Ligand code: G3P
């Protein structure tokens, strides 16, 4: 039997999953790690946590699955994207904590670059916007704020990577400094049309190009793991950023196919095929996946707070103990009340890109309580998804906003939330049988490259539906609700 080990290094935890020859999950190991918030709007990870939880969960899952490392044919990696690691190429020591994708510390740098007229060229080359979300300005911040970092970088002593790249470097014992095209496409430094790092943007941000990794296809040779880690060398053969891996795991391989993943945030990707579509509606143009040196592009809408709003109900308001309590609470909410929560806890992402605004609640009455707040929290995820689909619809073609949405991620387990989603977008929502789509995507990339798993067409045929949610909300109610949401967002951005 051939197995594949998938590593999913996420924002709040690291996971390792063993898949069998039929691409079925055999065992999972997961470890959470600490989030560091050194200042308002700043989010960091201790780089040693990223490594120790990754290596630890890999060892655990191999043991739990009861497989020998000799039967693992390949390793696939998927990861939280945009998060920046900068380390010393000789000692392996990071020069700073990892600056996480959610971190807003470079908002003023982005505003300055925008005011100086640089957004258009950045957008044209990278498909992204000038927002602190992406890696480039975070990397510039480290070089400008950590003593001696710039001098070391200029001397060629430092290496930059998104988390995949850092893990590849660690797993291979420093032998390989490489990333894949989907992760490179999130850095603000990569020209998605030319398929190379942009000299102009690196110059603009003051980033020495010697820091940058080699960029490969998603299914490629990324080196071998150190033999002492798992008992023998294992080939790393697949890499993709987590949202792209989910797009692959959802088998969204045809132009027009669309998926939305509900984790901490929500990320919707629409496959636009070989053509990069420049968004007129503040969506991102990104690489969905790349094989044989040929990128397939996607339009992406990124929302920063989705599942995190349920965490806030649990840890902040303490009105639930577990995420699954949200559903019965929402069901019991008073239908007469229209409480709207705009969860702009860290500003708003697509399509608004408002880094400075903060969350707000509207429509409270004396009878509003935990049930109405829970419903408003779940509804906010549906409303935000509709915002993204409206923008996609306007950018691409008439079909994009009205067709089936494939969903995955923690919150997709909630029937209530998925029914509301279908109601508010007015389109079917498909939940697949396998909800481990991100890890499945990474495993398939590696296993396909190793010759264990089938090629794309056959893999896509095996995707199977668990449940389709169909819209049942009357159109006038849908329109009224969505209009109320739009008013609430406008007021939040103006507050
Ligand atoms: O762009 C950020 C995204 O990749 C993070 O995903 O699942 O770790 O919250 P997740």
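Using N, Cα and C of the backbone, Cβ positions are placed for all residues, glycine too.
According to TrEMBL, the protein has these features:
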DOMAIN    3-249  domain 'Carbohydrate kinase FGGY N-terminal'
BINDING   11, 12, 13, 264, 307, 311, 410  ATP binding site
BINDING   11, 81, 82, 133, 242  sn-glycerol 3-phosphate binding site
BINDING   11, 15, 264, 307, 410  ADP binding site
BINDING   81, 82, 133, 242, 243  glycerol binding site
DOMAIN    259-449  domain 'Carbohydrate kinase FGGY C-terminal'
Residue 13 (ATP binding site) to residue 81 (sn-glycerol 3-phosphate binding site) - Cα separation in whole Å: 14
Alpha-carbon distance [residue 243 (glycerol binding site); residue 264 (ATP binding site)] in Å: 12
Largest tally of Cβ atoms lying within 10 Å of a Cβ, found at which of the binding-site residues 82, 242: 242
All-chain count of other Cβ atoms within 10 Å of residue 15 (ADP binding site): 23
Binding-site residues compared (307, 410) - the one with the fewest other Cβ atoms within 10 Å: 410
Neighbours of residue 243 (glycerol binding site) among the binding-site residues 12, 15, 82, 133, 307, 311 (Cα to Cα, within 10 Å): none
Entries of 13, 82, 242, 264, 410 (binding-site residues) sitting next to ligand 1, with Cβ under 6 Å as the cut-off: 82, 242, 264
DSSP three-state assignment (helix, strand or coil) for residue 15 (ADP binding site): strand
Largest inter-residue Cα distance among 11, 81, 82, 133, 242 [record-listed sn-glycerol 3-phosphate binders, Å]: 15
Chain-internal residues near residue 311 (ATP binding site), provided their CB is under 8 angstroms and they sit 6+ positions away: 264, 323
Shell of the glycerol site beyond 81, 82, 133, 242, 243, same chain only (C-beta within 8 angstroms of their C-beta centre): 80, 83, 101, 186, 241, 267, 302
Local Cβ density at residue 13 (ATP binding site) - other Cβ atoms counted within 10 Å: 13
Cβ-centroid neighbours of ADP site 11, 15, 264, 307, 410, 8 Å, sequence order: 10, 12, 13, 263, 409
Within the predicted model, mean pLDDT of the domain 'Carbohydrate kinase FGGY N-terminal' (3-249): 96
